[in-house]
């Protein structure tokens, strides 16, 4: 017995420890996100980054020029660069260039694109393109140089003389491609923002008309297929250049045996191919996010159409109820059955015609609900992550991990270079092996997560589908749609809107922080070489190296660069609001509402008129006149209801003016006898009974049509007309504004 108690206590303790560890991890995660938001909102880290990045670019562009000039010579580019920078022309050139780039970078990072000042707006918009052009030139040349060196080492071709022209040509195309891609992506972001605002505008409406639908559909922003194909081509080209720059250079930093060199080169080529594929996937995924915003708007429009139909059904139901109350009151005060029939028969026809209109709305609502489910299924399939896309997302995360690992390798290479220490081949081999393992691990992780996500999505979809069945029960069984409250209608539509997002992976943001930190080590060392170039000393071979004072300053500079770049990556990756919205929390709330609505909601009983009988049901209302209502002996009229209380209850109602009695001239004498017997009529009813608009020659025919935004199939099209007598006062009815009811002369 004591053993069982001890085992139970140990199990409880392990569970508590696990929960405690999870809470600690969650706490650290929340604190990290809060730090990122604080850094982003403060903006100081972006100023810090602007100065560091401007200095780094100043050195990189000067180094890029000398690399190209010294490619086919025996002179080291660093030595040639040092000698030139010691001349008066070199000092003036690097001072001007550095001042321009650093100042441009500073204002380009602190200014916003929506600045009122045209000058600040120009700086904010033009700096990213200027930076892209410099990075494109440099990365393309370094990538081509590394690739051609590998090809020459493997004996494939002697490409040494082609490095400069090909590198320069691809660099120009890379710069142009980067600028075009940035412009196209910026336009897409604006489109997504406009679509999101339009979606909120649609959701805020309580009902929608056909003119509004036409206007909204015309305002939906989208990109053409031609532009999307160009985007994929540009992404593929960017993947080629960046793949060669990021992954081919690792093989060139040490000396290997031929078979090892070949294996490492093949791995680097595979990494480059993976970079091309993932860049195309990123562009495809971004294009898909724009399509998702379009499909959300269309789904919201259909939802508002359903809500408008329900409100129209409610309005017709209220009109039927008002006419029934007036008819029943007159029946109770009738002098004879003949008088009752002459006074009520037209109202019975009105009620039955409205009942037909009510049934027609049920047909429209059915078809609109089908459209809603089809559109929701289309949206869900657009948002879903296929296994191919999941695999590419996993490869992208793996390549991001490899970039972080290789940046650590290059940081070690920088330190070894300053200390004049050789690079171990095993270190490079281990880096490439870790990169390959990272790709495999994250590929498997993405596929597994996507598999379980599909299972969870099916489970959540079943809950939402159960709610859809509940809505069908509301329409087809005991509850009338007209009896639904507006809040309940909006909740049902909101539940129907909810869609499960695809799995979100945040590994790249984390790896970017690590990569930025280690890249700061190398950039800090280059910054010291650039600014303190006169302090370098030559060795016995004439090559320049850093002095001891420069090494100390390099450590300090690398520290500031590493921290500054890492904090900027943290603020950018987790501090800014993502343009791609993740509605997982909204989905969880909606599922909880759906479960609560299904479990706790009891279908209300149908509203009853004065007779105690249910009102017309959306599905079961009869299109034939109910003659039994004309005979009070059949028990179809209200018993014990006071006419004064009935009129007192409805006389002040706005809808009473639309539902009051209208009779023909032939009923005038019967009306007078009715007034004498009943002690008079209410002023409203008397006014309606004597109104000239109730005469046969002023009566008009009314028909109920499908809404202008709806075109049902020919087999399900409702009748063209449903005549109903009404007065000119009916023109103020909300039904005329909804587009459901039309007046014909």
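Placement of Cβ uses the backbone N, Cα and C atoms for every residue, glycine included.
Here's what TrEMBL has on this protein:
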- 717-729: compositional bias 'Basic and acidic residues' (COMPBIAS)
- 598-622: region 'Disordered' (REGION)
- 674-733: region 'Disordered' (REGION)
- 162-181: transmembrane segment (TRANSMEM)
- 231-248: transmembrane segment (TRANSMEM)
- 260-281: transmembrane segment (TRANSMEM)
- 399-421: transmembrane segment (TRANSMEM)
- 427-449: transmembrane segment (TRANSMEM)
- 549-571: transmembrane segment (TRANSMEM)
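Packing against the transmembrane segment (427-449) from elsewhere in the chain are residues 250-251, 253-254, 256, 260, 264, 267-268, 271, 274, 387, 390-391, 393-395, 397-399, 401-402, 405-406, 409, 412, 503, 505, 507: each is 6 or more residues past its ends and has a CB under 8 Å from a CB in it. Long-range contacts of the transmembrane segment (260-281) within the same chain: residues 150, 153-154, 232, 235-236, 238-240, 242-244, 246-248, 250-251, 389, 392-393, 395-396, 398-399, 402, 425, 428-429, 432, 435-436, 439, each at least 6 residues beyond the stretch ends and with a Cβ under 8 Å from a Cβ of the stretch. Nonlocal intrachain contacts for the transmembrane segment (549-571), taken as residues 6+ away from its ends with a CB within less than 8 angstroms of a stretch CB, comprise 32, 35-36, 39-40, 45-46, 48-49, 52, 56, 418, 509, 512-525, 527-529, 532, 535-536.
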